[in-house]
Amino acid sequence: MFVRSNILRALIFTVLEKTCLEIKMMHSSCKGLVLLLFLFVVVFIGNTDANAQWEVSHKVRASPHENMGRNVIDGSGVEKTLHDIGMGEKRGTHNKVSVSTVALFTLAMAAATGLGAVPFFFVELDPQWAGICNGMAAGVMLAASFDLVKEGQEHGSGNWVVTGILAGALFIWLCKQILEQYGEVSMLDIKGADATKVVLVIGIMTLHSFGEGSGVGVSFAGSKGFSQGLLVTLAIAVHNIPEGLAVSMVLASRGVSPQNAMLWSIITSLPQPLVAVPAFLCADAFSKFLPFCTGFAAGCMIWMVIAEVLPDAFKEASPSQVASAATISVASMEALSTLFESFTHDYNSEDASGFFVSLLFGLGPLLGGVFLVASAVTFRLQHALLMGVASGIAFVLGLWRPLQLLLSAKMGLIPLVSLLAIGAGLSHFTSSTILNVTGRKKSRAGSLINPVTNFPTSVITLQSLLACGAVGFHALAEGLALGVAAPNAYGLGRHMVLPVSLHGLPRGTAVASCVFGATDSWHAALAAAALIGFVGPISAIGSILAGIDYSGLDHVMVVACGGLLPSFWQVIKRAVRLERRKGSVGMVLGLACAVVCLTFTRLVCLHTPYCNSAPEAVR
C-alpha cells in the first residue's frame, strides 16, 4: 500500500511540474481552477498516507489474530469472515426501511422549503425592510454554514472540512468572475448585478442541499433505522423553512413574484431527495465524502454572505438594523439546531411518535379558517356579523376549561377567579400599551396605512390583531398539555388528532372571522388561521423537548382563558356599535358553533378510545 502511494505521489507531482510551466500562458480563470486542483491533490495525498497508517494500526489493535484467509477471530473467540460481517450489517439495516419510504419522506422535507415564501403572498416589502430581509438571509446562511462545518467534523477528518471551505470560497469566486465575463446576466426579469447575485445565492443553497440529503440517507441506513431517519428528516424539514425564507427574501427584495420565489425555494432543496436515496443505498461511501462536501457548501455560503448579501443589506438599512436581524437569525437557527440535537441524542420511540403526532395538531384551526373564509365569501357576510361570531367563540373558549375545573372540584372558586383576573389584567394592560404607543406614532406620521403590509392599521385592525394574539396564547397553553400527552398515547389513542382537531376548529374560525371582519382580506384571514394552527404544534414539540409534566399547566390555561375575555369584549362592543342586530346574531352563531364543536369533542372522548391519553384540556 505504501509503495502504491509513493508511486502515485511521484506521478502526480511530475504531471503538476510539467503543467506549471504552462500556467503562465493560461487565462486567469484557468489559473484559479489549476490552483483549486493543486490544493485538492496535495491534501488528498496527505490524507491518503494518514488514512493508510491509521487503517493498518487500527487493524493490528483490533484483530491481532488474523489469518491469510480473511478470517478474523474476535474477542469472543468466534471466527467470522470480513465479507460476512459487512454483508450482514448491510442486510440488517436495509431491511428496516424501504427505498420508497426514504424517497417520500425526503420529498416532503424538500417541499417544506416552499413554506418560507408564504409570507410574501401577503406582504409587500419597502426598501428598508428589503435591507433587513437581506440581513436575516445572511444570518440564516451563516448559521447553516456553522452547522455544515460541525456536521463535517462529526463524520470524519477536520482536514477535509478545511479543504472544502477553502475550495468552496475559491469556487464561488471563480463562478462570479466567469459570470461577469459574460456581461449582463438576466434571470426572473432581473438583470445586471442583481441577477448575478440571485444566480449565486440559488446555486449555493442548492449545493448545500446535497450535503443535507446525503446526511438524511445515511441516517435512515443507521443502526436505529426508521426512527432515527424520521427524526433527522423532521429536523431538516423544519430547518428548511427559514432557509426557504432566506431564498425568498433575496428574491422578493429584487421584485420577484411570490409564486416564483416559492418555486425557486423548493428547487434549491430538490437535491435532498435526489441524493438521499443513493446515500441510503451506499451509506459507507457517502459518509467518506460528507466532510469535504459540507465544508465546500459552507465555504461558498460564507464567501457569498460577506461579499454580496451584507453589502446589499447595508444599502437599504442601517448597520444596526442589519446586524440585529442577522444576529437574531443566527441565534434562532442555532437554538433550533440545539433543540433537535438534544432530542436526537436522548429519545425513545414514544418521544418520536409524539413528535410526529404533534405536527398534526394544527389541522383543526386551519380547517376552521378555511370554512369561515369560504362561508364569508359565498354568503357575503358583513363585518359586524363576522366580529360577533369571533366574539361568541372566544367567550366559550374562555369559560369552557375554567368551568370544567370548577365543576370537577380540581380548582377552587377563589383561585380560579384570581387567575382569570390576572389573565384579563395582563391582556388589558398589553392591549392598552400597544394601542397608545401606536396612536402616538400615527399622530406624528399622519398616515393610517402601514407601508410594509398595505393593511389599514386603524384602531379596529389593531384591536382585532391583539385579540388574535390572546387566542394564540390560549393555543400555546393548550399545546403544552398536548405535548405532555402525545408521547404517552397508545393503541387508538395515537389517533387523538381527531378530537384535538375538532377541539381546535372553533379557534381557527374565531381568528379568521376576526381578521376578515377587520381587514376584509381573505388572504390575511387564512394566514392568521394557519399561524394560530402552528402555535399548537410548536408548543407541543417544545414541551416534549423540555420534558415537562402536567403540574401547573391548568393554571397557565386559566390565565390564558382570562386573557380572551377583555380582548373580545372590545371586539363585540365595536360590532354592536357598527350594527347591533347583525353583531348580536353573529355572537349567538359563534356561541352555538363553539358549544357544538366542544360538545362533539366530549362525546368522541366518552364513547371512543381516541382520547385514552389526551389531556382534559381537549376533552
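Note that Cβ sites are derived from N, Cα and C of the backbone, with glycine treated the same way.
What Swiss-Prot says about this protein:
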TRANSMEM  129-149  transmembrane segment
TRANSMEM  155-175  transmembrane segment
TRANSMEM  230-250  transmembrane segment
TRANSMEM  261-281  transmembrane segment
TRANSMEM  289-309  transmembrane segment
TRANSMEM  354-374  transmembrane segment
TRANSMEM  383-403  transmembrane segment
TRANSMEM  405-425  transmembrane segment
TRANSMEM  465-485  transmembrane segment
TRANSMEM  528-548  transmembrane segment
TRANSMEM  552-572  transmembrane segment
TRANSMEM  585-605  transmembrane segment
- Query: Which range out of 129-149, 155-175, 465-485, 528-548 gives the transmembrane segment (289-309) the most CB pairs under 8 Å?
  - Reply: 155-175
- Cβ contacts under 8 Å made by the transmembrane segment (129-149) with residues that lie 6+ beyond its boundaries: 161, 165, 201, 204-205, 208, 211, 242-243, 245-247, 249-250, 252-253, 294-295, 297-299, 301-302, 304-305, 309-310, 312-317, 321-330, 332-334, 337, 452
- When counting Cβ pairs under 8 Å to the transmembrane segment (552-572), the leader among 405-425, 465-485, 585-605: 465-485
- Task: For the transmembrane segment (528-548) and the transmembrane segment (465-485), decide whether they are in contact, meaning at least 3 CB pairs lie under 8 A, counting pairs 6 or more apart in sequence.
- Result: yes
